[in-house]
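Asker: Below are the structure tokens for one structure; questions will follow.
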Amino acid sequence: MIAHKQKKAKKKRVWASGQPSAAITTSEMGLKSVSSSSSFDPEYIKELVNDVRKFSHMLLYLKEAILSDCFKEVIHIRLDELLRVLKSILSKHQNLSSVDLQSAAEVLTAKVKAVNFTEVNEENKNDIFREVFSSIETLAFTFGNILTNFLMGDVGSDSILRLPISRESKSFENISVDSVDLPHEKGNFSPIELDNLLLKNTDSIELALSYAKTWSKYTKNIVSWVEKKLNLELESTRNIVKLAEATRSSIGIQEFMPLQSLFTNALLSDIHSSHLLQQTIAALQANKFVQPLLGRKNEMEKQRKEIKDLWKQQQNKLLETETALKKAKLLCMQRQDEYEKAKSSMFRAEEEQLSSSVGLAKNLNKQLEKRRRLEEEALQKVEEANEHYKVCVTNVEERRNDLENTKREILTQLRTLVFQCDLTLKAVTVNLFHMQQLQAASLANSLQSLCDSAKLYDPGQEYSEFVKATSSSELEEKVDGNVNKQMTNSPQTSGYEPADSLEDVARLPDSCHKLEEDRCSNSADMTGPSFVRSWKFGMFSDSESTGGSSESRSLDSESISPGDFHRKLPRTPSSGTMSSADDLDEREPPSPSEAGPNSLGAFKKTLMSKAALTHKFRKLRSPTKCRDCDGIVMFPGVECEECLLVCHRKCLENLVIICGHQKLQGKMHIFGAEFIQVAKKEPDGIPFVLKICASEIENRALCLQGIYRVCGNKIKTEKLCQALENGMHLVDISEFSSHDICDVLKLYLRQLPEPFILFRLYKEFIDLAKEIQHVNEEQEAKKDSPEDKKHPHVSIEVNRILLKSKDLLRQLPASHFNSLHYLIAHLRRVVDHAEENKMNSKNLGVIFGPTLIRPRPTTAPVTISSLAEYSNQARLVEFLITYSQKIFDGSLQPQAVVISNTGAVAPQVDQGYLPKPLLSPDERDTDHSMKPLFFSSKEDIRSSDCESKSFELTTSFEESERRQNALGKCDAPLLDNKVHLLFDQEHESASQKMEDVCKSPKLLLLKSNRAANSVQRHTPRTKMRPVSLPVDRLLLLASSPTERSSRDVGNVDSDKFGKNPAFEGLHRKDNSNTTRSKVNGFDQQNVQKSWDTQYVRNNFTAKTTMIVPSAYPEKGLTVNTGNNRDHPGSKAHAEPARAAGDVSERRSSDSCPATAVRAPRTLQPQHWTTFYKPPNPTFSVRGTEEKTALPSIAVPPVLVHAPQIHVTKSDPDSEATLACPVQTSGQPKESSEEPALPEGTPTCQRPRLKRMQQFEDLEDEIPQFV
């Protein structure tokens, strides 16, 4: 429509004048060109509108800068941007060029340059910039008129022709410089001339500093662009190398293909050029471009700031001298006024004296003298003020001269700095483009050579070679005999037969030319031998023949075999649920063409991750839950045919779960779940999260700086945690960053309800950390001491702490110990690369200390003492990492598996509350060969053959009792019923073994180390000891064994079978006679004092002594029973792990006939019976100090028959009766079935009476019967 109006107006002007003028002719010519080229081009109109809109925005920005900030630099920048936009518009649209428009731009530039910004304030702002605003409006009006005339077709070339040549070549960017700043033509200036030009400007320093700052920003942008470009090119080269390697391996196995050598050379050229480009990128990132330019930029910034500070100091000094000059000037004026007043007063006094009488002459003379004196003083002050003013003027002049000199020096320094920076920028720019040119030149030459080689190829040449090779009789015999497989001759309706696999395709012998696999489909009716029939099928799949996308193909997978193309009936659609295990088992096995990851079917155009390529997907028909995002998958979802994994199509790009080729397990809650739930599913008890993360970090991040300290991406960390819960072992974590993997590992350890080091061992490990701190302080104090070299006390302390830590760690369950061992070993490998990753054992201790050892969570407020324990936690982990090779022996502890008689696996209870399983004699020799230095042991235990065999027979019984006592702590009644039922079954089978042990002629010999020369004090007793039992226990002897066994199961203490060396001992008066007996591989008496407090608050159970005699007494039976509650006098020491034969002896004694027993010979128990009763929770420790003696009860004599058992007697001062399975009532053993009372306080233990000790020694020598 606009073009129609233009033509109509043009015709009216032409015919109205009668003859067309030159201007009209020119207008017509311009209009024709515009109409033909631009008016009918909508893209041109759109571009013109955008340019005009940009110009209007630049005008508004300039006006807003003037109104808001009034900063000179900002306004000049906006003006330069406006002129630059105007220049670009005129260069694009030549018809808009005009003298009026350029004149308006020059006027605007001149007005802006003429403004003195130092005089601008809020009051006179509008007056000063009035002319500038009018110039802006003039420029906008002129541009609008020219644009309107252009659109209406009234623009002629006369306005362009009137432009002088010098004006046409002038740039709008140089208008301000040419019209205002430069008095002469533009040209090259010497450095001195540049400095002189800047010295004439009052703001020369500010301009130079502003240019330096702009140069720094400009350089920063250039460096950022180059770095980003190089990173993209580096990533691209890596992908190109992978693609070239994969393609090369694919086409290398194919034979008789056209231009194969040419494409192989092209791939090699790509690989070579990619390697060269990587070297070029590394050089540019190092010393060829980035580093020199960044160094020069930093130097520029540093010197610019120093120069700016120096210039401000000089300006402040000049300002101070000018202020002092103004004050001196005001003082001079004030002194001058005072002098004038004094002088006029003196003049009036003289006149009064002349006109006065003689009588008043004396008084007037005095006044005259006084005023004359004041006048002289005022004159003197005037002279002093003048002198001070002159000095100030001199100082101002000196400061101004100094400022000028400083200004000249600063300008020279800035000019030199800018030239140096430009020189560096020039050098690195030359390096950049020269290296890129060399890279492009080599690539161009290789491409040219490949182009020339491709022109020489004769079409069909390779096919002819292929036919010649297949027609040879010798080749046919070799193929039929060695390579090709028999093919069926059954007819196919489609004309194709399915090939087996890539291995089924025939290979030609090496004597022929290099054979390549055929990529084109041959004719279906080709006839010939079996070798030819193997090639007659389709050589590529449907997706390849139709130009399908190969984006979803893995770069590492092999190419599709020639027999992959065949037809097949569609499979039955999926039911869409995760429970379709029957469908998974019943469906037909996949064909060779569909077995590979490339057979994606309808999903070949979907972007997939490396893990997604391992699956074999099909369409999902019903809604279910996505394994990647945990969202509901509607109909646009996919399901794996093998593992039944379901996810959205859009989630295939980020899927990290690999196909396990079997049904995928359900989601397992790992983070925040109980440790035993995850550990029991692993054979070694180490959670798979710990193993996966640690192995991945060791593979690629041991040298990464800040490993475990730098945080990862929160979103990616949460996604990895979700993937581990969904896929467990099948998660591919190679796509995640190392810091994300570290965050996942730390998060798992932090969210454990109970850390690896259990809550019950927290205090012992904290005490150990304090000892470590004490040893470190001593080591620092004695480091420079010469006596320390002669007496290495520190090394002994370190060894003592090492052995103590080993003993403490043995108290951990097997899964906790193995997991801690694995983690500490991994952290040790991280510390080995501390020079690269900057993470030593101290840093790792600070990070992992609060996660590996922490107190039981409470609601108490955080105090300073609790905060101080963080350092102890970090110090302990640092110690474990530093001495990991000495603390951990390198072998993992085996997992304990509980199996019932029926063959079913028993429910696994919390291993944290169970003692360690007993070790075999071989294991005791290897694991406990070293004695802790803080023990006072003197001898080692030598176990006899009888002990080892009896240990093997009674292991299952000990294990059952240990499990039962540990489960006795549980409060849930249902669990108690189930567990007791299971252990009753185990006890029945175990009792039979115990009878065999009792009947065994071999003895269980325990050696005493009471004497220092390792000689036994007494010979082994050949007769049975008398029996001391309560009444109710004696009545049970006549009952059936099953009734007794059901009751005896509850009386077994788990601690006597434990491997825990931390036991509480009695404080004896006579330390010289203390016995140190060792049973089952560890010392009973060697207990450190810091460990004694662990079991002080526990409750204890009163036990009785049972001694089976070897003869049948004929006397009556008398039994004394008493109630003995826990008090210091009867406080039992912890009984160590006893031999397995002890239990068997007690069980066998119960099953034998009754015999005569006598009254107890030690302290009487408080309880009415020997069975354990839980203490009243309301009683206090102080109340337990009372002791009540009960009368004895006479019982009819009962005979107890038992086989003779020879027992080696230990010292009576030992902590337990080792030869028989019972202990005296004065030594009740602590019970592990009841938890420790928190309100109970540790009490002192009453020392044993010396008289009672002597009496027991006498009984050892001479048996006494009642």
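From the backbone N, Cα and C atoms, a Cβ is placed for every residue, glycine too.
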Asker: Going by what Swiss-Prot says, which of SER473, SER1149, SER1180 is noted as phosphoserine?
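Answerer: Going through SER473, SER1149, SER1180 one by one, Swiss-Prot flags SER1149 as phosphoserine.
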Asker: Pick from 267-270, 323-326, 435-438, 1263-1266: which range does Swiss-Prot record as region 'Interaction with PTPN13/PTPL1'?
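Answerer: Result: 1263-1266 is the stretch Swiss-Prot calls region 'Interaction with PTPN13/PTPL1'.
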Asker: If I look at Swiss-Prot, which residue among SER171, SER559, SER1077, SER1232 would I find recorded as phosphoserine?
Answerer: SER171
Asker: From SER190, SER622, SER1000, SER1040, name the one Swiss-Prot lists as phosphoserine.
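Answerer: With Swiss-Prot as the source, phosphoserine is noted for SER190.
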Asker: Write down the residue from SER250, SER521, SER1144 that Swiss-Prot flags as phosphoserine.
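Answerer: Among SER250, SER521, SER1144, the one Swiss-Prot marks as phosphoserine is SER521.
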Asker: Of SER17, SER176, SER216, which does Swiss-Prot mark as phosphoserine?
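Answerer: Swiss-Prot records phosphoserine at SER176.
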Asker: Look through SER179, SER224, SER464 and state which residue has the annotation phosphoserine in Swiss-Prot.
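Answerer: SER179, according to Swiss-Prot.
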Asker: How many other Cβ atoms sit within 10 Å of the Cβ of ARG709 (site 'Arginine finger')?
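Answerer: Around the Cβ of ARG709 (site 'Arginine finger'), 15 other Cβ atoms lie within 10 Å.
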Asker: According to DSSP, how is the zinc finger (614-659) divided among helix, strand and coil residues?
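Answerer: Summed over the zinc finger (614-659), the classes give 5 helix, 15 strand, 26 coil.
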Asker: Cα-Cα separation of SER190 (phosphoserine) and ARG709 (site 'Arginine finger'), in Å?
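Answerer: Computed Cα spacing between SER190 (phosphoserine) and ARG709 (site 'Arginine finger') is 56 Å.
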